[in-house]
Each structure stands twice: as structure tokens, then as C-alpha cells.
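Database features, via TrEMBL:
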type: DOMAIN; residues: 2-92; note: domain 'Exocyst complex component Sec10 N-terminal'
type: DOMAIN; residues: 103-169; note: domain 'Exocyst complex component Sec10-like alpha-helical bundle'
type: DOMAIN; residues: 439-608; note: domain 'Exocyst complex component Sec10-like alpha-helical bundle'
Amino acid sequence: MDERIQRKVEKLEQHCQKEAKEFAKKVQELQKSNQVAFQHFQELDEHISYVATKVCHLGDQLEGVNTPRQRAVEAQKLMKYFNEFLDGELKSDVFTNSEKIKEAADIIQKLHLIAQELPFDRFSEVKSKIASKYHDLELQLIQEFTNAQRRGEISRMREVAAVLLHFKGPSVRNDIFEDTAILCQRVNKQVGDIFSSPETVLAKLIQNIFEVKLQSNVKDHLEEHRKSDAEQYLKNLYELYTRTTNLSSKLMEFNLGTDKQTFLSKLIKSIFISYLENYIEVEIGYLKSRSAMILQRYYDSKNHQKRSIGTGGIQDLKERIRQRTNLPLGPSIDTHGETFLSQEVVVNLLQETKQAFERCHRLSDHSDLPKNAFRIFSMLVEFLCIEHIDYALETGLAGIPSPDSKSANLYFLDVVHQANTIFHLFDKQFNDHLMPLIRTLNCMIGQMKHILAAEQKKTDFKPEDENSVLIQYTNACVKVCGYVRKQVEKIRKSMDGKNVDTVLMELGVRFHRLIYEHLQQYSYSCMGGMLAICDVAEYRKCAKDFKIPLVLQLFDTLHALCNLLVVAPDNLKQVCSGEQLANLDKNILHSFVQLRADYRSARLARHFS
């Protein structure tokens, strides 16, 4: 039986091998057929592409011939209609048939544009006739719109409104911003009474005002001075952008759809984007040239040619050697009592910088504001501190008589006195105008807020299954601590001396306030309270990196407050009277106890009362 089965197996294996060979042969034949078919498809595709290219080329040629032909026909028609105005008699059916008011409106708009380009002395009469017909048609369309409104024919109103849209409308006064606000206020109620979707209609009106009237007005005022007068260009840009944003604020009171803030912001951006992109370069260029001119004008008035005076370590070394040995190691300068300091110059430089700061605050993108403000401040340091104050001090030093000199005119003390007065003015502007613009700490706190809002979940502190919590601290805590440590490291690398402690003190206090307020947004179960304690412990570790005693003390107190989230009700009074919490206001303690999920239980309320 084994031999029979073995022979049967061998026969089946042979049969299987034979079929496998035949199947492999068939597959090879199919692959060859597939390759041939693919080649045919490729050739067909190439042929189709060739034909398509030819068709496109032919279409381009036809369009190239047809477009000039259509323009020529259009121009011929306009010339014919223009001749009628020139002759003083309108014979064409389009002007005499009231049913063709739409076609007449299209023609008169084109003729009106052409007429504006014609010289007034030769074509004053025909220009007047075209303008008269233009306004007549506009009035007819307005009347037609009114009639359709009375009849309740919404479709006709839309049709007429679409034609009226291309007319310029009544001439506006010089103040387009006031006119726009008044116009929108006036038509808002009418639009609401007439249209089923008034917000869309009003938004379209505002869009057209911005994209046509405002954009043209901005371009006219800015392009005129863009390359020739940087001062006037910057003033105009600041004023126009300010008035446009103020207008946008007024328009926010109207219903313009769901996201009117984004809608109006896009309209403003479309008008000013090309001017704001390189604003700071124009500002810095103007400030540099203006500051240089103010200084040069002052030194010219004194008939003084500025000279290069050495500063730094070598100069100090020379001075020490000269004082100890009485050797004349440098040229002595006779200043004749002149301090080479001017409060008028300083006031002018500070005023120019103040205006630049104001423009920077208004025209800079939020993310670029700190670095742009710093560039302006650097210009002030260069021209006021280095080119004026430092130069005067160095010149005054060089004018100090040698110890054996018979002259006793110590004018250098006058220089010191004036320099000190001037520097106080500089310091005031630094605090008043630069510091509010450089919001690095605000940005850091804002970034921490964003991390907490994105990463912290309500279930972190009130898990569904109290026994399944395995983490030591929440993901939000890990990310915030990582971010804070990086910022502390950056601050230490970027500053030195007491500046480091001052900045870290401010950042640490704000960091504590952020976490304190963040924790008060949640309700805590027993296990959730434990997680909150673990999170605050991590925040406290992070606070140690600040090396500021006050910051660490704040987080120690916060850690003690978090114990109120988990302590047994019977022990609440004891914990509240502990060393770290005894001096805190009772309302603060109560606010943390209220965060407990079991706060409303009679037992807890009784123990804490």
C-alpha cells in the first residue's frame, strides 16, 4: 500500500510540475502580449499628445487672429457711437430703445472712460454730452431699480443692480473714509428691507468700495512719493493705514456674514500688502539719512569737522601711561569751551525716532514688531549715543589739559553734565516707546497658554477609571516644562549681570500666575488631585532653574495648595493651618477646596467651615 501511494504521489508531482511549466509558459506569453499592448498604448498616447499640441497651437493661432478682430469690431462700433455724440444726434436703436438700457449702459461706460483721456480744449463739447448721457442712464437705472422694488420684483432688482455696479456713482467728497461709513450706515436698513440676504449685498458693497475706491485712493497718495520723498510716503502710509483700520472697526457693527473680522482683514491686506512688505526697510533708510542730516547740520553750524577719535582699551592704556609719565602720547585738542552737545539735536533725533516707533507699532506684522522696533532703537543708539554723546565725551577727554599745563579750563565737567541730562531723555524714550513694543515675555507666556490649551484635557484630572492611571504627570506639563527650560537657557545666553535676574524674576512670576489660573479651571477627583500635585512638583523643579528665591517660594506655596485637592476632609483644617498656608487669605484656600469633585458633600463643607 505504501508503494502504491508513493507511485501515486510521484505521478501527481510529475503532473503538477508539468502544469506548472505550462502555466509559466502561458504567463510569459501573456507578459509579451502585455508589453506589446503597452507599447501600442504608449505610441497611441504620444500620437494623442502630438495631436493635442497641434490643436492647442491651432487654437492659439485662431485666438490670436480672432481676438484682434473682435477688438477691431468693438472699436469700430465705439467709433460709430462716438460719432453720434460728435454730431449731436443719437440715432442708434441702443440709445433710443428703453428696452436696451443694459446694452446702452455698457457702451456709455466705455465711451465715458475714453472721453476722460481726450484733451479738454478740442473735445469739451462731446465730453460734456457723453457725461450727460452717462448720468442720465445712471438715473434711469436707479429709477428702474426703485420701480422694481415697489413691484417686489427681486430678480429685476438684481439684474439692474448688477448693471449699476459698474457705474462710479455720485461723486464723493474729499474724505472717502467718512463717506464710506456714512454710506454704509444709510443703506444698511434699505438693504435689509429689500434683499433676502442683506449681509451678502452689504459685504459686496463694502468689497467694491475697498477694491475700487479705497485702493485707488491709497495708490494715488502713496505712489506719488514712494521713490521721491520717503518722509511724506511714510506719513501717508501711516495715516491711510490707520484710517482704513479705523473704518474697518466702524464697519464691524454691520452684519457682513459669519466671519466679518477675517473678511475685513483680507480687504485691508489686499490694499496694503505691497506697501507693508518692505515698510521697515523704507523706515530704517529714512531714519538713517534723516539722523545723519540732523547731526551734520549741527556740526556745520559750529564750523566743526568731525574727526576720528580712538576709543576702547588702547585709548585707556595711553591715557594711564600719559597720566603716570607725563608723556605726550596723543594730540591734545583745544575745544575752546565747546561741549559739542546740543539738546535741540537730541530732541530732533528723539522726535524722529518716536514717530518711527509709532509707525512701526501700527504697520509691522505682530510677529515682526519686536525685531523691527529693535532696528529703530539701534539707529537711535548709533546716532544719538555713539555719533553724538560718545563723540562729545571723547572730544572732551582729549581736551583735558595735561597736569603741567598752565590752563585750568576744565570744560570736560560741562560735557559730563550735558551728557548726563541728554541720556536721561534717551532713557525716558526707551521706557516709554521701545519697551511696550518688545513683548518677548508676553510671547513666551502666550506660547505656554497655547500648549496648555491644546494638551491639557479635563479627563486628566477627573479620569473615568481611578485605578487605571499609570502616568506620573500629564503631557501638558511635560511640554510646558520643556518649553520653559529652553527659554530660561536662551535668556541666560542673551543677557548678563542683573539683567538676567530681572528678566527671570518677571518671567517666573508670570509663569506661576499662568499655572495658578490654569489649575483653577478644572474639577479634581482624588486621583486627579494626585496628578495635579505631580504636575506642580514638575513645575517646581522647572522653577529651580530660574535660581530666583521668590519664584521657587511661589511654586512651593502652590504645591501646598494642591494638597487641599486630596487631603481627607477631617484633615483640611490642619493642612490649612500649616506653615506654608497659614498666612494665605482664606478665600484663596476656599477657591482650591471648591475644585474638589466631592466639595458639595455635607461632610466636606462641615469640616471646612
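Even glycines carry a Cβ here, placed using N, Cα and C.
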Taking DSSP H, G, I as helix and E, B as strand, the domain 'Exocyst complex component Sec10-like alpha-helical bundle' (103-169) contains 57 helix, 0 strand, 10 coil
Looking only at the domain 'Exocyst complex component Sec10 N-terminal' (2-92), how are its residues distributed among DSSP helix, strand and coil? 86 helix, 0 strand, 5 coil
Mean pLDDT across the domain 'Exocyst complex component Sec10-like alpha-helical bundle' (103-169), rounded to an integer, is what? 77
